[in-house]
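Undergrad: First, the structure itself, so that you have it in front of you.
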Amino acid sequence: MTALSLTNVCKSFGSVEVLKDINLTVEEGEFVVFVGPSGCGKSTLLRVIAGLEDATAGTVNIGGNVVNNIPPAKRGIAMVFQSYALYPHLSVHDNMALGLKQEKQPKSVIEERVGKAVEMLDLSAYVDRRPSDLSGGQRQRVAIGRAIVREPQLFLFDEPLSNLDAALRMNTRIEIAELHRTLSASMIYVTHDQTEAMTLADKIVVLRDGRVEQVGSPMELYNNPANQFVAGFLGSPAMNFLKKAPLAIPENGALGIRPEHLRPTKGGRIKGTVTHVERLGGDTNLLVSTDEQEALTVRIFGQDGTLVGEKIELDFDDHAAFAFDAEQHRVTFAA
Amino acid sequence: MNSARQNPFSTYAAHGALILYTLIALFPVFVIVINSFKTRKAIFREPLAMPNSDSFSLIGYETVLKQGDFFLYFQNSMIVTVGSLFFILLFGAMAAFALAEYRFKGNMIMGLYLALGIMIPIRIGTVAILEMMVQTGLVNTLWALILVYTAQGLPLAVFILSEFMRQVSDDLKNAGRIDGLSEYRIFFRLVLPLVRPAMATVAVFNMIPIWNDLWFPLILAPAEEVKTLTLGSQVFIGQFVTDWNAVLSALSLAILPVMALYVIFSRQLIRGITSGAVK
């Protein structure tokens, strides 16, 4: 069954078009991540799905029902916000229970579901506290709990990890992944962080300027990007794009090579000078300026003794490189 | 404050300036209060002297409590002030919420229109207001005063409150919507508690001019049974003889309720003024 399908969804604020003709389906139990640079419309799209904004055109279908004219509370969704958005005057327990009370669920059901969520999220020590007495990570768990108890058809996450520090972010990321496995619920997750996108998603939707650029599994997008934008957006360090390439590429196009596919080789096809070295311990990033004055990043696994200012010769396997035409679309090599 | 950045001289200067200002501001109040406890002769002989065993007298308070319906005036003032504040805060907050929260055509124009009242003194319209009150039969009722003061207070209330309401997190309101709260519950249960400091600020700014106003009570409600305290005190000021003891005593008594209300609001008020500056 389809958990969500969007058909020709458009949204404009006044004369500004924020979403342009979005078509998308989310299958039951799928974890879909919307990713894109800031201002690409991913949060707006989530808010249209949630019913917090009305679509200017097109239909939103959740679990087989068109919900364009149905208020957020009756769409069978639950949402987790970046700023947690807990009710400051209610205890952890009441924060979670409020939505169910509004649905007029019997008390026994409310207690059972809240109890289950509290246990699942390890919050039992905090049920009577106010949100202001909790740490950021705990608050976000309460926010997730508030979503779980509603047993929605579709979970919506709006950059839930952006306010957490790096260590907590990784832990919570793993918790969300586990949550998805335990509940096997459909989830939509908005982020600008490609690591979150790559690690969590069954399916990634890359958005730019209110358009869907590409949809696919993380590895599909990584290994087979449809255009230069997707190729450059996913992967860290980002893909290198060369205008003056040692291979035949379309006029005004670019040759894309991922940093890890470049290797120092005597007599390699790209020659340049090392301008900066980043030693991360596990791997080493070399920033290279080619003899054609183009900037490149080279990722070398393990530790490497290259010094700034050294001359370097690089090579790559032709099948690991991508060619893009002047409109930034992916093309296959002529040869 | 960081002691490394603290310059003792500027600290003293700041305190000096504040103390000086406090003295200047409190001086008239002080003179009124001490003189209210003195005999008439002592008031004129040495207006700045403290009351002593010779000059001490409660004659003013006695006159005030005996003559005229002082408690009725008190009650009228209280009803008018509290009633006006209630309506100013209620309607001001509602209008501010609508302006801050909803996108609709003319939102901007509406906001400007409502703010315009800050710049135009309501007293310009006194004659028209009086005519309206006469036609609606509201002259010599407390409602006349409450309505006028509500109108007078709304522009500033809407202006200040809408600014604060914009700062209330959108996520919180949206979380409420997803949990199925009505817009009214979002307004009363989620937003209002968070802008309480701003509400207290608005309340204090409006309370004192309303309590002290002489103009509208004199014009719209001069009848004995609806006189406010300020107007009631005027009976002691005559064309030829003024009973200064009574006037000063009445004024001293009039300070008390405002002070009580101020204490209620002040803790919130300070948070309201400093919020934004101190996160």
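A Cβ is built for glycine as well, from the same backbone N, Cα and C atoms used for every other residue.
These came from TrEMBL, pasted as-is:
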TRANSMEM  B:12-34  transmembrane segment
DOMAIN    B:74-265  domain 'ABC transmembrane type-1'
TRANSMEM  B:78-100  transmembrane segment
TRANSMEM  B:112-130  transmembrane segment
TRANSMEM  B:142-165  transmembrane segment
TRANSMEM  B:186-208  transmembrane segment
TRANSMEM  B:246-265  transmembrane segment
Undergrad: Counting Cβ pairs under 8 Å to the transmembrane segment (B:78-100), which of B:12-34, B:112-130, B:142-165, B:186-208, B:246-265 comes out on top?
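TA: That would be B:142-165.
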Undergrad: Which stretch from B:12-34, B:112-130, B:142-165, B:186-208 shares the most C-beta pairs under 8 Å with the transmembrane segment (B:246-265)?
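TA: The stretch with the most contacts is B:186-208.
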Undergrad: Should anything in the same chain at least six residues away from the transmembrane segment (B:12-34) have a Cβ under 8 Å from its Cβ atoms, list it; otherwise answer none.
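TA: Non-local partners: 47-51, 248, 251-252, 255.
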